[in-house]
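Going by TrEMBL, these are the annotated features:
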type   : residues : note
REPEAT : 63-87    : repeat 'WD'
REPEAT : 97-131   : repeat 'WD'
REPEAT : 141-177  : repeat 'WD'
REPEAT : 184-220  : repeat 'WD'
REPEAT : 228-270  : repeat 'WD'
Amino acid sequence: ALRLPGLHGYAVEFSPYCPGRVACAAAQYYGMAGCGTLAVLEQNEAGIVLIRSFDWNDGLFDVTWSENNENVLITCSGDGSLQIWDMAKTKGPLQVYKEHTLEAYSVDWSQTRGEQLVVSGSWDQTAKLWDPAVGKSLCTFKGHEGVIYSTIWSPHIPGCFASASGDQTLRIWDVKTPGVKLVIPAHQAEVLSCDWCKYDENLLVTGAVDCSLKGWDLRNIRQPVFVLLGHTYAIRRVKFSPFHATILASCSYDFTVRFWDFSKPNPLLETVEHHTEFTCGLDLSLHKRGQV
């Protein structure tokens, strides 16, 4: 474990390049006031060490690694802006994009080869598409009737992303068309997180304030494929395993991280209670099977 005194972590993301390297987006005072820090951590013989940190004048809520440069990261913050950072440079951000009018809560770099696109989601109810080489957004996606908490690229379908919102829906978008492609009334509560299955292009999972995880098949959205119950407070983040088609992990305001296999009659594999506060960020390593 590594402590970042005075900071609360909101998101963690493993580097797609360097095994054991993790970026953490953090904020002071639970993001309600104060500044933010991007901390880059590395695991070595000594444990987890802080190798680089960057400060921003507002809380940082999410982080994503570049898929074409191992030193570049993008964060998003409470002032509605996105920041591009280069670990090879010690000074402030390379670029700042300030278009969202409220908190920017989610940012993700496209996962399919051949496109270098970034999607952000904001409390202003919009998602925005960015090309990091261009100084302004390429497109704005409107349709949600509540704040957007999560925007995640499909790992399979180029130009396709999902968004989860306080309006209780999961939505699927195609960057080539401005309107929403699919609206799924996923929960009767705010949906705080979503993720795509790495092995099935039609399968997504949502996590919500109603403490449940639900699986959705895009070919038939009338009812969920699975429902996973066990968390006792809102689910803050959910991620599918990169190694197993039916395993996923979730973390919650109930301080726990839980591992599930939705193909099993008793799907809850394990509950980890190491944290003593809201557990907001979670990621699974692409390099080391089973490392979270």
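Glycine too: its Cβ is placed from the backbone N, Cα and C atoms.
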Restricting to the same chain and to residues at least six past its boundaries, which positions have a Cβ under 8 Å from a Cβ of the repeat 'WD' (63-87)?
11-13, 15-18, 23-25, 27, 31, 36, 38, 40, 52, 54, 56-57, 93-111, 116, 118, 120, 122, 124, 130, 132
When the pLDDT values for the repeat 'WD' (141-177) are averaged, what is the result?
97
Please list the DSSP helix, strand and coil residue counts for the repeat 'WD' (228-270).
0 helix, 22 strand, 21 coil
